[in-house]
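Copied over from Swiss-Prot:
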SITE      R17  site 'Transition state stabilizer'
SITE      K24  site 'Transition state stabilizer'
SITE      R151  site 'Positions MEP for the nucleophilic attack'
SITE      K206  site 'Positions MEP for the nucleophilic attack'
Amino acid sequence: MEQKRYALIVAGGHGLRMGADRPKQFLLLAGLPVLMHTLNRFAPHVDAIVLVLPTDHHAYWQELCRKYDFSVSHRVVAGGNTRFASVRNGLQVVPDGVLVAVHDGVRPLVSAETIDACFDLAELKGAVAPCRPMTESLRYYATDGNYAVDRSRYVTVQTPQTFRSEWLREAYRQPYEEYFTDDCSVYEHHFGRPVALIVGNIENIKLTTPLDLSLAKLLLTS
């Protein structure tokens, strides 16, 4: 029997690098706030959506939903001071025995194929992340200089990072460490085992700078 599928969308950033007058998840992209594009991408593929937002953004989000007549069903949960705390808060309303895909709210171009592939492999493996091969040259910085490294041995990791919900909740019970940069690092530190990887879609960029936003607009309208 197929497990139910949940999306846990984390949108706690303030977008300082974007240089805008509002958090980047609320910036307009092709006529809609970025975050609405993200929820729209997941809605056909999941049984429920949990949206984690800072408490001081809740009223503004409700206002945007009314303004844009946004009707995708979702539950809003209060975020924490860090991404780690925000995901942990979101997991409190996700039941055991389901698959949960944790996704950055400012990745609005994730494809249906990437979402489905993460869930499908998580049914078998229990822990999955999408990634992309490196295309730039890499160098390692050390105290005595810097050195070229073999880029074929490295990938960049995207979201949605998808897990059996009870596994991820258990991992998030451990104390926070500064090197927890994503859900995979939290999971691996707790269980001592790697996640499975799939190739994600190249358009699944995280909107961090004005250039990212311009590229996303081009991709959506081309």
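Cβ atoms here come from the backbone N, Cα and C positions, even for glycine.
In this structure, the recorded sites under consideration are K24, R151, K206, and the one with the smallest number of other Cβ atoms within 10 Å of its Cβ is R151. The two recorded residues, K24 (site 'Transition state stabilizer') and R151 (site 'Positions MEP for the nucleophilic attack'), have Cα atoms 31 Å apart.
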